[in-house]
Amino acid sequence: MPYLMRLALVLFCLMALVESRKPRRKRWTGLLETSKPSHLYKKNLDVTKMRPGKPRPLLRVEDHDFTMRPAFGGPAIPVGVDVQVESLDSISEVDMDFTMTLYLRHYWRDERLAFPSSSNKSMTFDGRLVKKIWVPDVFFVHSKRSFIHDTTTDNIMLRVFPDGHVLYSMRITVTAMCNMDFSHFPLDSQTCSLELESYAYTDEDLMLYWKNGDESLKTDEKISLSQFLIQKFHTTSRLAFYSSTGWYNRLYINFTLRRHIFFFLLQTYFPATLMVMLSWVSFWIDHRAVPARVSLGIMTVLTMSTIITGVNASMPRVSYIRAVDIYLWVSFVFVFLSVLEYAAVNYLTTLQEQKERKFREKLPCMCGMLHSRTMMLDGSYSESEANSLAGYPRSHILPEEERPDNIVVHLALNSELTSSRKKGLLKGQMGLYIFQNTHAIDKYSRLIFPAFYIVFNLIYWSVFS
């Protein structure tokens, strides 16, 4: 009997335990059913996730030696290039260089990077993968400075296609040398080139070419420069030879620039022309106004020197004559000649005054003879001198054999002259005064200087423009 009771008790406990577990299982099952994701929130399979025990890398980078070029030992690998110019930042005449920002893209095929894909879609990577695979070693020939942009991260993109084709793109700013010819400056045009070349691989290992010919170079239509007009962008290619290493493929990005002349017309040509014209003002100033004419000449000479110095400060020191040098120095010569012209006028005027002073010193004293109608002159005076004093024409002078020892000069200061004759004498004296104070050199200079300067400008602009 005790044995039966124990057995019944055990069975009862088991039944109670089974009944107690049934609601809990149902409750957990209900929770699992409510936590099932809807098809709207169903996520795609993450192919980058490494499953435990079954590693499946996307690119078998570790299985190959990427220090070697693709198809090493075989024919040269073709690498296509295209460029999109984002901006032409600056042109420096002093340093003879230019700065350009561009997108540089390379295209090649590396079978070691091929991967199976049912959708035939490419995979895009950032710059971290570039350090693990082979990429072309293209560099800029004659570059002074260059860098890859790194804001907010390195501006490098690598795109790999299932068949192994690779697109490698980066955003670069480069400062390169440009051989400029300033013989026609500022009426010049400059042609600059950005040159690309493989650093290590000759044409036997790497064939560098423009991927789409002339269409491989794209430019932004908004590119503009303050002093230049961009006329043309075009591409070329050729082989470059180095005596130590051999032949290399070299690609050229050529662009032609034409300088805007309006800036230099305002800053250089127009001020120089004004200074030359200002120097002509001295020809209309009385030659006895020494301070006015001297100060005007010095001012124009110093201003021309300042203009020439300012132009040379913004240009490289070249060993040949530029077009602007010809214009400025010819203008400087015109200004300097105007100063020399006044020096000649002043010198000749001084000589004339000395002769007149000596002539007046030979005249006898006229004290007490102011109302006299005539006066006696010594016979040592020439007939022209006596004639000029008396105011008679040459026809009234006696022949030499009939001339007495003393010459009688009738003075014009006679109180008995009629009023009409006095007015005529005053007009004649006024004309004689103007003629004597307007030197002949000044009169000719007023015409000669402008005429020669106009002829020079016609020749200059017809040759250089």
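Each residue, glycine too, has its Cβ placed from N, Cα and C.
For 1-20, the entry in Swiss-Prot reads signal peptide.
What Swiss-Prot lists as topological domain 'Extracellular' is 21-260 (among others).
When secondary structure is read from DSSP and collapsed to three states, ARG105 (4-aminobutanoate binding site) falls in the strand class. In sequence order, VAL81, ASP82, VAL83, GLN84, LEU167, TYR168, SER169 are the residues of the chain that are 6 or more apart from ARG105 (4-aminobutanoate binding site) and have a CB within less than 8 Å of its CB. The 4-aminobutanoate binding site feature in Swiss-Prot is assigned to ARG105, SER169, GLU197.
Per Swiss-Prot, the feature N-linked glycosylation site maps to ASN120 (among others); the stated evidence is sequence analysis. Mapped onto three states, the DSSP output places ASN120 (N-linked glycosylation site) in coil. Under 8 Å, Cβ to Cβ, and six or more positions away along its own chain, ASN120 (N-linked glycosylation site) finds PRO162.
Counted within 10 Å of its Cβ, the other Cβ atoms near CYS178 (disulfide bond) come to 20, all protein chains included. Under the heading disulfide bond, Swiss-Prot lists CYS178-CYS192.
Note on ASN254 (N-linked glycosylation site): other Cβ atoms within 10 Å of its Cβ, all shown chains, come to 15. Feature annotation from Swiss-Prot assigns N-linked glycosylation site to ASN254 (among others).
For 261-281 (among others), the entry in Swiss-Prot reads transmembrane segment, with the evidence type sequence analysis.
As annotated by Swiss-Prot, topological domain 'Cytoplasmic' applies to 282-293 (among others). If one looks beyond the topological domain 'Cytoplasmic' (282-293) by at least 6 residues along the same chain, the residues whose Cβ comes under 8 Å of a Cβ in the stretch are 338, 341-342, 345-346, 349, 437-439, 442, 445-446, 449.
Residues annotated as transmembrane segment in Swiss-Prot, with sequence analysis given as evidence: 294-314 (among others). If you look at the transmembrane segment (294-314), the same-chain residues 6 or more away from its ends with a CB under 8 A from one of its CBs are 93-94, 268, 271-272, 275-276, 278-279, 281-282, 285, 324, 328-329, 331-332, 335-336, 338-339, 342.
Annotation source Swiss-Prot lists topological domain 'Extracellular' at 315-325 (among others). Note: the topological domain 'Extracellular' (315-325) comprises 3 helix, 0 strand, 8 coil (DSSP; helix = H, G, I, strand = E, B).
The transmembrane segment feature in Swiss-Prot is assigned to 326-346 (among others); the stated evidence is sequence analysis.
Per-residue pLDDT, averaged across the topological domain 'Cytoplasmic' (347-443), gives 55. Per Swiss-Prot, the feature topological domain 'Cytoplasmic' maps to 347-443 (among others); the stated evidence is a curator's inference.
What Swiss-Prot records for 444-464 (among others) is transmembrane segment. Remote same-chain partners of the transmembrane segment (444-464), defined as residues 6 or more beyond its termini with a Cβ less than 8 Å from a stretch Cβ, comprise 184, 187, 276, 280, 283-284, 323, 326-327, 330, 334, 337-338, 341.
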### Task
Quick one: of the recorded positions CYS178, CYS192, GLU197, which has its CA closest to the CA of ASN254 (N-linked glycosylation site)?
CYS192
### Structural state census, the topological domain 'Cytoplasmic' (282-293) (DSSP three-state)
7 helix, 0 strand, 5 coil
